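Marked as active site, proton acceptor by Swiss-Prot on the basis of sequence analysis: 151. Look at Swiss-Prot and you will find 12, 13, 14, 15, 37, 59, 60, 86, 151, 152, 153, 154, 155, 184 tagged as NADP(+) binding site, backed by similarity to another entry. Annotation comment: Swiss-Prot describes 138 as substrate binding site, evidence class similarity to another entry.
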């Protein structure tokens, strides 16, 4: 699964799953541009990628920011071959208490940004008749979760978007897929107390949380030449928590 000569853009790459994805794609030979919301975050990405890529500051909810970053990538690296839409946020609340902005912020960051970025890189991929778009979803987008109606709706939307876009661009050599993580060992899960952690693990037949590297491995496979005949799919990586 060699990615030599490919340029990969990974959003939300400063930590957790995004960082693991950026690191693994770089290990496989890709030149990786990882994004963060701040200049300091972008510098941290540049530091860990070293000669294998660089970090850039990107506001995924701002069309002008997206345009500027993609122009910079094109000028320096010649365009994007692999897009990994990983950036996302949570604004958890019960639906009865959910504020308008808690809904709209999630939709803008977790769904609309995927539309904007995917559309922005698509023309270049279609001209080359080759490209990979990989969206990071969530098990919640399929099974739902109390207190996350906004997040679940956005992640379910990612799956529908993936399937529709895949149908449109498959004949041009561009694949579009989703990787849907379950409970993964990140800063968010490390903050769980013992009771919460026990309750979480009780839902996972594998009996453990996933490692960010395991999500990265799924992404790296879908980004590879070996996955050229896979498109419109959602690859669930959740330790058996939810089986489709």
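Each residue's number is its place along the chain shown, starting with 1.
Using the three backbone atoms N, Cα and C, a Cβ is placed for every residue, glycine included.
Because the structure is a prediction, the values reported are computed rather than measured.
The separation of residue 151 (active site, proton acceptor) from residue 12 (NADP(+) binding site), Cα to Cα, is 16 Å. For residue 14 (NADP(+) binding site), the same-chain residues 6+ apart in sequence whose C-beta sits under 8 angstroms from its C-beta are 34, 36, 41, 42, 44, 45, 55. Largest Cα to Cα distance within the recorded NADP(+) binders 12, 13, 14, 15, 37, 59, 60, 86, 151, 152, 153, 154, 155, 184: about 25 Å as a whole number. In this structure the alpha carbons, written CA, of residue 155 (NADP(+) binding site) and the residue listed as 'substrate binding site' are 6 Å apart. Considering only the recorded positions 37, 60, 151, the residues lying within 10 A of the residue listed as 'substrate binding site' on a C-alpha to C-alpha basis are 151. The binding-site residues 37, 138 differ in how many other CB atoms lie within 10 Å of their CB, and the one with the most is 138. In this structure, the residue listed as 'active site, proton acceptor' is part of a helix by DSSP. With a 10 A radius on its CB, residue 155 (NADP(+) binding site) counts 26 other CB atoms from all the protein chains. Distance between Cα atoms for residue 60 (NADP(+) binding site) and residue 151 (active site, proton acceptor): 16 Å, as a whole number. With all protein chains in the displayed structure included, the most crowded Cβ environment within 10 Å among the binding-site residues 60, 153 is that of 60.
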